[in-house]
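What TrEMBL annotates here:
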type	residues	note
TRANSMEM	A:6-24	transmembrane segment
TRANSMEM	A:89-113	transmembrane segment
TRANSMEM	A:125-143	transmembrane segment
DOMAIN	A:142-442	domain 'NADH:quinone oxidoreductase/Mrp antiporter transmembrane'
TRANSMEM	A:149-166	transmembrane segment
TRANSMEM	A:178-200	transmembrane segment
TRANSMEM	A:243-265	transmembrane segment
TRANSMEM	A:277-301	transmembrane segment
TRANSMEM	A:307-328	transmembrane segment
TRANSMEM	A:335-356	transmembrane segment
TRANSMEM	A:405-427	transmembrane segment
TRANSMEM	A:447-466	transmembrane segment
TRANSMEM	A:497-517	transmembrane segment
Amino acid sequence: MNILTLLLLVPVLFGFIIMLLPSSLRGSFKYLTLTATLIQLGISIWMYLHFKTGAAYGGINHEDQFQFVQKLPWISLNLGRMGKMQIDYFVGIDGMSISLLVMTSLVLVIATLSSWEIKSNLKGFFLLFLLLDMAVIGVFCALDFFLFYLFYELMLLPLYFLIGMWGGARREYAAIKFFLYTLFGSVFMLLVMVGLYLSVTDPATGNHTFNIIQMMNPANYSGQSIFSIAGHQTILGMPARTLGFVVLFIAFAIKVPVVPLHTWLPDAHVEAPTPVSIILAGILLKIGGYGIIRICLGIFPEIATSGAFWLGLLGVISILYGAFNALAQKDLKRMIAYSSISHMGFVLLGIASQTAEGISGAVMQMVSHGFLSTMLFFLVGVLYNRVHDRGINHFRGLGTLMPQYTAFVMIAFFASLGLPGFSAFVAEAFSLTGAFKSPTVNGLLPYWMAICGSVGILLSAAYFLWTLQRMFFGAESLKGGNVWKIALTDLNLREKLTLAPLALIALALGIMPSLVFDKINDSVLALVQFLQLK
Amino acid sequence: MHDLLPHISASLSSVFGSIAYFMPEVYLALLFIVVMITDLIFGKRSLKLCRIVACAGLLLVMYLDLKQFALVVDGGHLIFSNMLLLIRSGIFFKLIIDLLSFILLLYFSWDNKLNGHQKGLSDLYSIAIASMFGLHLMVMAINLLSIYLAIEMVSIASYLMVAYRTENAFSTEAGLKYVLFGAASSAMMLYGISLLYGFSGSLDIIFHHTIEQLSGVNPISTSFAMILVLIGIGFKLSFVPIHFWVPDVYQGASTPVTAYLSTVPKIAAFALLINFLSPFMFTGLWTGFNMSIALSVIGIVTMVAGNFAAVLQTNIKRMLAYSSIGHTGFALMAVAVLSLQSVSVLTYYLLVYALANIGALALATYFANETGAEDVEDYRGFGLKYPIASVCFVIILISLTGLPITAGFTGKLFVFSTVYGVYQQTHSIWLMLLMVTGALTTVVSLFYYIKIPLNLFLKRKEMAEISNKKSMNLLILSIFISFILILLGIFPHLVLKLL
């Protein structure tokens, strides 16, 4: 069996097992889920180790350069005058996906470990969790737009219930806001998807196809079709291809999230239970970035180039706006949520630069932020579980009370603010290098954008260090008094086991960024070349 | 009189010849009589027997429908001197109507309120069978006269069904409203038909010369007549602006009757609309208003009005009533770009919609039986108490919204594809607006559909144990429907390749 299919089937299989088990065995559900995620982690590490590199494995717009490919005909319909509809079950990965896939598998394990705090309705929780697991893995593997869309939408419902049923006080509001926001983006994506499908024909079979890679080849567009490059069609007075790009970009920008489409994120993060926050920040935001690279840039490269300035501008706005907001937050989780927005801005900036450095930095930032935000949200969860409070000014002097916890917090904070030696430094440095290089190489971004990005790093140092100072240093003073003091025990073994690998990975990626760069490099170069050729 | 004699034998043999193409309907007519007689003979105890007879009879009718496919291999047949048309797509419509009616007939007696009716349900079965006869006629009608007769037949049966059990002033009012609106709209339709007849001198719209005659008349007059006829059909389809009756009637009628009204007559009415419009849209001789644009505008208005009004509703049946108006608008998209392709897509969309709608109303009955809940608010906290039913409800609502991986999504996708395909050729701005409205209203529809899962799962309420007898049948039905919806969501070609 194809290994990617296996990766997708593992959560489904375990989901069925959990579904069939009686509620009396509810204690075993978390272990079953943990097993499932560990198996997935094993599979993805195996794939990582067996992932071939070299110019012949660049992927992007060459179907034969993808690895672990499985392609099965799925839906084939004769639609009369409109020709045949061809939808394939088509999975495969290139350098862009492999690093994100490994990161996703690890984050899922961590998320499962943090699910120990969930006490109510375990069967529902873990079923939804596994469904979400399958959907996010599927998004990174799918190479057929239809399949991609299916997985993309499939994430929404489990997340809605996970936030809505196990969330905090304003969970209903946060859940529906998240759902409506994302759906708003994706229904219009559906229209573009249908338009692309009707524009593109598979040269091998002559059918209309949803194959993303075929959509990247301008020769596959028939002349009269809406999204044909040569056709210069318009929709409601706007150039069709620009409109298509904008619609897809908005759909993914909501996921990233890019300011001003970010307002769902602080609410969702704050109300969601810790495991869901981890998945949201660690994985879902990356789906936005991945979608922009794979789909927006892949299918509409010339629009991405002509609109690079605006992408970069949005990236810079996200970086600065997120950072300033993070400075102003009084809730620790909200602060981290805004810091996510700021950090994901670097992804957009790197992508917009369209240089090898910038795109490598963007992918690296996604991987790095995946681990670091997981760690940060897990750490907030630790605190919240003990005293059910997250107010930054409700704690003081935690350093003496919980030394081990403080140590991990410091690692996570310093790593996130871009201290050399940690992954985020490499990632942000590369993104900024790309942005600095862009004015001279391809003239897409002006210098001031890179400078503003650098200011963002400074701001992130400010809010992380200030928080550290307020919460962990100084004389011990807690809002809840002695009750809190007793409740605030230091980390237990499970928590340490969860945090240690994350800290190690952040360090390892900082010292040996080649762990990621080696795997993504060929794809990044292929993408840059593809963008230049168009 | 003597002049006519030579023609009689020819007409007679044509009628007898036509009967071979009319077997399902003949059996339906017989079934109606059999069910009625069973009811008369066995009186009060006849409920079970009537149900068995009716359902078994329907299975036979479905079998006869299937056999009809062999008759249309070489194209359609005009029967009964051009009154009815038997074509392949029509047989699919009939099959779907029979299948859904079969489910509905089973479902009638599972509703505690309807089943508690003192007269018993036996009459309802005979009325339902009679209305099905009318539905078959609607699907096949191609002559203005037969169109009118078919619609009237279904309407009269529907009036009876809506008013079958009137528990309070509200449902009595609903029944009366339905009759009055129905009568008014059919009167208008009849006026429109008479005008068309006057203009063209013929009732056979399928023939070119009829349309040709019409093209010689002032376009404003013919357009006016056309609007009147469309009002009659639109009453059955419940598109805006002839939709006022829908919320009240759907809320006031018994839930199974609502399930009936919101599905099968609608499907038949779409089939009728296609039959009626095809000659005008395809011959190119029609000089009145542009049909495609008119349908697009109606579709847009209907989607917007239906979906936005549904957001404000709290009664579950009323909400589903407005949502069904929204779905009519969406289905009109496929009619606006009428072609062979769009008819099969439309058939698929309607099948999926109808299944999901029956499922949703069956679950509304389930919860009403179990707990007496009628409003969305009453569903608070049921999710954990009735997990299976609630999960099915979520799947069914997701399908109605049109999200993957349910059949509703594939239906939506195919409709979009069809409209897009035409848009690519014509670049009509209306089609683009239709699609954008369709996408936007999907988001709006999520807003109200999600209220049910929201109350089921997200809201919590401590409540006393209310346990009547378990409605296992309804639960099985909803599980079955959910399964089908997911199956078609993953493998839509299982059905679509047949259509």
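Numbering starts at 1 and runs along the chain as displayed.
Each Cβ is built from the backbone N, Cα and C atoms, and glycine gets one as well.
Caution: TrEMBL annotation is automatic and unverified by curators.
Note that the coordinates shown come from a computational prediction; the quantities given were computed from them, not determined experimentally.
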Lying 6 or more residues past either end of the transmembrane segment (A:405-427) yet within Cβ distance under 8 Å of it, the residues of that chain are 339, 343, 346, 361-362, 364-365, 367-369, 371-372, 375-376, 379, 382-383, 398-399, 457, 460-461, 464-465, 467-468, 472, 490-491, 499, 502-503, 505-507, 509-511, 513
Do we see three or more Cβ pairs under 8 Å linking the transmembrane segment (A:307-328) and the transmembrane segment (A:6-24), pairs being at least 6 apart in sequence?
-> no
For the transmembrane segment (A:277-301), the distant same-chain contacts (Cβ-Cβ under 8 Å, at least six residues beyond its ends) come to 60-61, 96-97, 100, 103-104, 107-108, 110-111, 114, 132, 136, 139-140, 145, 148, 152, 155, 159, 196, 212, 215-216, 241, 244-245, 248-249, 251-258, 265, 268-269, 333, 336-337, 340, 344, 347-348, 351, 359, 362-363, 366, 369-371, 373-374, 376-378, 380-381, 527, 530-531, 534
Same-chain residues at least 6 beyond the ends of the transmembrane segment (A:149-166) whose Cβ lies under 8 Å from its Cβ atoms | 118, 120-121, 124-125, 128-129, 131-132, 134-136, 138-139, 142, 172, 174-176, 178-179, 182-183, 186, 189-190, 193, 268, 271-273, 276, 279-280, 284, 287, 291
For the transmembrane segment (A:447-466), could you work out the same-chain residues 6 or more beyond its ends whose Cβ comes under 8 Å from its Cβ atoms?
-> 312-313, 315-316, 319-320, 323-324, 326-327, 335, 339, 342-343, 345-346, 349, 413-414, 416-418, 428, 431-432, 435-436, 438-439
